[in-house]
Amino acid sequence: MLTLAVHDILWAVGAALLACAAFKIIRVLLLPYTSSLRDLPGPPASSWLLGNVSELMAAEDFALHFEWLEKYGPTMKYNVWFKLPELLTIDARAINHVLSHSQDYPKPEETRVSLVEILGNGLVVAEGELHRRQRRIMNPAFGPAQIRELTEIFVDKAQQLRDIWRNEVTTCGGTVRIDVQSGLTKMTLDAIGLAGFNYNFNALNPDGKANELNRAFEMMFQRMADLERSYWLIIRSLIPILRYIPDGYTRDTAAAQKVTRRIGMQLIAEKKAAVRQAAQSGEKNAGSELRSRDLLTLLIKANMSPDIPEDQRLSDDDVLAQVPTFLVAGHETTSNATTWCLYALSQQPNVQHKLREELWGVPTDSPSMEELNALPYLDAVIRETMRLFPPIAGTVRIATKDDEIPLATPYMDAKGRMHDSIRIDKGTAFPIPIIGMNRSKALWGEDAREFRPERWGSIPEAAQQIPGVWSNLMTFIGGPRACIGYRFSLIEMKALVFTLVRAFEFELAVPVEDITKKIGLVQRPFVRSEMEKGTQMPLIIKSHTRE
């Protein structure tokens, strides 16, 4: 009797699961014919199974996206698996609507789940009220006054990298081929360690071995890279039950998180104790710990402020989640952007020369934040780099309800009707094409794909409508979820470019057509003929001598 009951229960559960799966399959198969996006203009699907996916994978550097946008207009669709329509728009009003209503357009659940496993529920991943609380408490740590205090760290680490490269140039007789990506990645790791939580990774120390926390974060970066290319991890993120199957990914991630938690909690405890002691002894006698510049100390100090109600404070776990968040958000993004900046300068000797002349007009090797920000051509070079080579090419939001998204530019649907809005069904993905907006000819003019810092003297009126938090660019996005650390990244990058371009002349070490990129979490450079070596940017470097 009991056996029969168990059998009936199992049969009922199996039937329910089968029915649920069948419903989802049927819904997916019908979506091309029921989706609110079905009448948007766009290219025909190459096949029922793949849609336009094979064409997209064959194209490089979003070339096909740009071709489609020029052909079909700023708001269109293309087809992914099973001919499912995917929205693509660079309409500034539409994107501003989505970014300014972030509560209705969170990150996709599968993306959040994958990132939480690696990073914890920090500012980049958190949604809703938790994100608002984290942001409110963290905002003061990223203000101009705080970034000013961190500039010395950026300059010191940039000079350390300069000296390492200078020694290599001298050893090799005046010129040397260097993978600048590697050195810049080590520099930004050291900088975010000190500026983020006063921890020295010693990544630039050529004789030192990676310390325990360094190794743990290297494992996290590797696992994040795996997310970009592993079909198993993609499927695992989409099917919740598969996440409970132990594998090498989960074991490595758990081991790295264990180290991060142990050392992170130790850092938090030490900083909380220092803040308490400083508060007891008074502001004037606070000592070096209270005046510490690192972001984690500032976050803990703000979180312990009597002005913050107890129920609005972050838990130690919430604070801990910011440690890997600081590292990921402030490490590879800046190093990759600076790598592409040096690449662009290697292709534009006149721009490189003009920039170097401006930099040599500063009478010090160790500029302040104000001195860096007072250099107009350096600022234009950084803006143009961030426009043409945004570290993150795009992001995605998911509609949590049916919505009507307004458009600045109306579109004509497949039936010849004009629309000044897009109707979005609940669950529809809304991509934010950062690189698409930054390189759009409709927004930036016919030379939008060219590196031309002079454009920043007067940008087109259309580009002025882009709803970015900085410089009419989508690089740091906009709205309530705009990148909180954009000032941090920009000053660090300026310190690097200032120090390195003053000291060296840069040429590309391989033919320009040999340089390509892979689009993942960040846009990493590769050499086509040396793909087995992984990400790299080989430049010929020689010391610059003032005449």
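Every residue number used here counts from 1 along the chain in the order it is shown.
Keep in mind that glycine also has a Cβ here, set from the backbone N, Cα and C atoms.
As annotated by Swiss-Prot, heme binding site applies to C483. For the recorded site, C483 (heme binding site), the DSSP three-state label reads coil.
Look at Swiss-Prot and you will find N52 (among others) tagged as N-linked glycosylation site, backed by sequence analysis. Reduced to three states, the DSSP call for N52 (N-linked glycosylation site) is coil. Counting every protein chain shown, the number of other Cβ atoms lying within 10 Å of the Cβ of N52 (N-linked glycosylation site) is 22.
The Cβ of N336 (N-linked glycosylation site) lies under 8 Å from the Cβ of Q181, F389, P391, V522, Q523, R524, P525, each of these being in the same chain and 6 or more residues away along the sequence. For N336 (among others), the entry in Swiss-Prot reads N-linked glycosylation site, with the evidence type sequence analysis.
Per Swiss-Prot, the feature N-linked glycosylation site maps to N438 (among others). Long-range C-beta contacts of N438 (N-linked glycosylation site), restricted to its own chain and to partners at least six residues apart, with a cutoff below 8 Å, comprise M386, R387, L388, P390, W444, L473, M474, T475.
Residues or ranges marked as transmembrane segment in Swiss-Prot (evidence: sequence analysis): 9-31.
Rounded to a whole number, the C-alpha distance linking N52 (N-linked glycosylation site) with C483 (heme binding site) is 32 angstrom. For C483 (heme binding site), applying a Cβ distance below 8 Å and a minimum sequence separation of six or more within one chain yields A329, V469, F476, I477, S489.
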